[in-house]
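**Student:** Take this structure, written in structure tokens, and hold onto it; I'll ask about it next.
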Amino acid sequence: MDATTSGTDTFQYRKISDQSVNALVTSSPRSFQRQRHCFGDATPGEFPLSANPSIVLHVLTGCNLDPQDLAKLEATCSFFRQPADFAPDNELSLAELAALDMCHKRAIFKPMSEDERLGLKQKCGGSWKLVLRFFIAGEACTRREKSQAIAGPGHSIAVTSKGTVYSFGSNSSGQLGHGTMEEDWRPSPIRSLQGIRIIQAAAGAGRTMLISDAGQVYAIGKDSFGEAEYGAQGINVVNTPQLVDSLKNIFVVQAAIGNFFTAVLSREGRVYTFSWGNENKIGHQTEPNDLDPHPLLGALENIPVVQIAAGYCYLLALACQPSGMSVYSVGCGLGGKLGHGTRTDEKLPRLIEQFRTLNIQPAVVAAGAWHAAVVGSDGRVCTWGWGRYGCLGHGNEDCESVPKVVESLSKVKAVHVATGDYTTFVVSDEGNVYSFGCGESSSLGHNTAATDEQGNRHTNVLSPEMVTSLKQVNERVVQISLTNSIYWNAHTFALTESGKLFAFGAGDKGQLGVELVSNQTERANPERVDVDLS
């Protein structure tokens, strides 16, 4: 057996000459006790590799070991105390075997057929390590199968880590899913979903989409996925969750509701869209009331996507390629929000080249109504698009037609970003929250009862400021969600590590999940919502 090393640390390996692996594995385990080998000082059988398969990826990727040799060692020395839950493949390297083992532990991987698995592997560059990276990236940026809160236009959705769904706020189209059309500020579980585990949710004006761990999509509210928020389409409504029949043959893991269209993402990383008028706006031609999903054509047909984000007439897609992560955009380019250096529309997805220039590996994307943001794997934050009210965080209200690093956050390592109408929130690795942009409706979390020199109580913030009111909750914030709509007063949710939910901003429809006193329409400071999402 030969071995190589990489990185800054140097490991000394005992050179084996004139001895076969068979001779080694038949010797007594006692002979190993005083020897140093590549697994440390412990005797064989005491190193629990199976307890953490990532150790194999990290330590052994540089070892040029033959899988057959490893199998002989495994049989005699019991390095792996737990057998893999799939048949061994002697054609795979050790690192590939470890990656495949970790893929098998993913909930969305288990029900895939062998052909579907091999198809995904081919789409990811022919490597199980890249398939694993694809799964991990999607889980990280969308909180898949974790608790989450969604601040929709006028109503809100909260999903517990066990998959129970709570809804509250405006209910004019039955979008709360409780079987009524009555508005309610109290968070209540959608009882008709009992026994179904929901892992993702999306909220638009008058409609809600919920995704189960089985890849099924349930819709509530308006029956159209493509109308403008105050358009004439979607006059029929449903007030209890209904399966979207046209998606029954697609295993969906995420949905994004924009203006004039809705998009869904499949388990295999394929993007599908519903409607967008009668022009060729997004890679295919449909009618406004088209309820059938159409695959997004162009550059992303053979590139797996891990996250989608929808804004006003445009869509962003975070894609996973062998060379690294990248962002594509398609749709309306008004204000430069597509990130290509122009304000022209794109009918097919186009790669945003600027991230290569900035040497940034995108990790999370967010699409506001008129602007967009990305968090890089190194913690840098980029924003671009229409900069009105300072929502880009560059200290002015200028537009940026390509992604630009928010320099005032240079000392902050960001892990999450959320965008709304003209507002942006950033969460650091320490759980601190920063916000900037339009101060209307107290949705930035900085507002107090005091007024500025012009008598305005809701001041705009041109550069990132820490939301100090969230520091007082004494818990690490892991997710921010805010209203992404141009027609509604905005509200904001902050979800903590332990599953506590805090709300602030507009609450005129009950969307905060807290009771407001007479004549009160908003809350300036975060208030605990009475629902446990842990």
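Backbone N, Cα and C atoms are what each Cβ position is placed from, and that goes for glycine too.
Copying in the features that TrEMBL gives for the protein in this structure:
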- 146-481: domain 'RCC1-like' (DOMAIN)
- 163-214: repeat 'RCC1' (REPEAT)
- 215-268: repeat 'RCC1' (REPEAT)
- 269-321: repeat 'RCC1' (REPEAT)
- 325-378: repeat 'RCC1' (REPEAT)
- 379-430: repeat 'RCC1' (REPEAT)
- 431-498: repeat 'RCC1' (REPEAT)
- 499-534: repeat 'RCC1' (REPEAT)
**Student:** Averaging the per-residue pLDDT over the repeat 'RCC1' (163-214), what integer do you get?
**Tutor:** 95
**Student:** Taking DSSP states H, G and I as helix and E and B as strand, how many residues of the repeat 'RCC1' (325-378) are helix, strand and coil?
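**Tutor:** Per-class counts: 7 helix, 25 strand, 22 coil.
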**Student:** Within the repeat 'RCC1' (163-214), count helix residues (DSSP H, G, I), strand residues (E, B) and coil residues, in that order.
**Tutor:** 3 helix, 24 strand, 25 coil
